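These notes are about the structure you will find just below.
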């Protein structure tokens with residue numbers, strides 16, 4: 001018997017296939033091909049220094065473009081925002097040329113007008129947090145525009161399928177949660193683990209859940225909504241930072257591989273009848289899942305290689321820049337303790353350590369597929385179904401918590417103290433030591449991130465090893481510092497700031513000039529009969 005969530009998925013898939021396709025005769029948005037090639041090249045260069053998931057790169061591009069267009073509007077240089085914004089997205093290769101209907105201009109402009117109306121009402125009530133709220137509204141608007149131009153149809157089908165599959169068989173112990181809290185935390189866990197959304201995207205999707213008509217507010221309730229914004233933000237932050245969220249994420253992150261493979265089956269574009277038959281046939285399903293798993297395994301390995309290469313290059317290049325900008329001037333002109341050997345070691349050791357960590361990371365073994373296949377069959381109604389369990393550990397008493405914290409702080413201090421002694425022994429200066437410790441911490445945290453990414457399609461339950469436990473004990477202080485460092489650096493990526501402030505605005509002005517100039521030349525040529 002086909003489980004109810006799977007039936008709903010198939011019905012959603014059938015509805016999607018029968019959805020009326022866009023009118024091919026409707027006028028489409030066109031951009032100049034030459035200007036587009038230049039813009040695409042720029043975006044590829046930029047993605048090297050700002051490496052992220054494709055959907056996050058796309059969202060961030062829309063955000064930068066919208067902020068720039070709003071600035072030009074404030075300077076009375078261009079009142080129209082939606083059309084040039086969409087054209088920039090097409091020029092950058094984020095949307096195909098000559099396929100986006102001109103009707104999208106009105107839809108996107110309506111979203112922007114909604115934002116402008118909210119910010120105008122915000123200024124009128126003179127809220128002391130106006131700047132913070134303005135920035136929050138921009139982020140919400142960016143996500144609204146992205147979902148309008150890139151409708152997450154498959155993501156919605158897949159996330160709803162995962163939600164109801166897990167929710168129907170979910171049991172929770174050790175946590176006191178209301179039904180609404182369970183639904184919200186499961187929703188957020190799926191968004192983060194399956195769809196890899198960031199905090200801004202998750203905030204927007206939660207906001208839509210609370211205010212389904214957010215993008216079409218009317219003038220009558222604008223002031224009320226604006227006055228409620230602080231309370232809305234507090235409520236959203238409360239849900240996002242809920243103590244139970246990590247347990248839901250862990251559960252969803254473990255089972256996401258199963259739903260990724262179901263999503264890969266949807267991507268094949270089969271007819272509703274063929275897909276339904278596939279889910280009902282044990283042997284055919286197994287063969288299809290094996291094909292999908294092989295493709296995703298190869299894609300994951302390729303992605304890991306790219307991340308690993310970028311991480312090594314990023315560490316080396318960043319270390320060289322820091323050495324030239326900070327270490328050498330301090331050692332030469334302040335402490336007068338410059339050593340070329342120490343400088344070379346300070347540059348090479350973090351990169352070498354990153355290489356060792358990456359080489360130690362392994363993709364899932366051959367046994368993993370059997371585990372994955374069993375789980376896929378379970379959600380499709382074979383093997384007697386599946387149950388999902390969240391079990392929070394019992395809260396430790398005050399004495400135990402205090403003892404563990406003191407022990408960790410002792411290990412933390414000891415790790416950095418003995419590292420300091422080792423570096424002093426080889427004549428490292430204080431500047432060398434601080435920067436070396438910081439970069440080693442960045443390497444440790446980055447290594448953990450890459451290791452976690454390598455387990456994205458892994459469902460094997462490996463036995464813990466005592467040797468790995470010991471390594472974790474003494475690595476955690478560095479990982480903790482590195483995690484903080486990665487968060488800080490993600491906000492202060494100097495190269496990204498340079499691109500945003502110095503390069504991007506004049507570059508986009510130049511691209512528009514090229515497009516307009518080519519249009520002028522073409523019109524002049526066409527006028528010659």
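Cβ coordinates are placed from backbone N, Cα and C, and glycine is handled just like the others.
Here is what TrEMBL records for this protein:
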TRANSMEM  307-326  transmembrane segment
TRANSMEM  338-359  transmembrane segment
TRANSMEM  398-420  transmembrane segment
TRANSMEM  426-445  transmembrane segment
TRANSMEM  466-486  transmembrane segment
TRANSMEM  492-514  transmembrane segment
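The transmembrane segment (307-326) makes contact with the transmembrane segment (426-445): 3 or more of their CB pairs lie within 8 A, with pairs spaced 6 or more apart in sequence. In summary, the transmembrane segment (338-359) does not lie against the transmembrane segment (466-486): fewer than three C-beta pairs, each 6 or more positions apart in sequence, are under 8 Å.
Outside the transmembrane segment (398-420), and at least 6 residues removed from its termini, the chain residues within Cβ reach (under 8 Å) are 433, 437, 440, 473-474, 476-478, 480.
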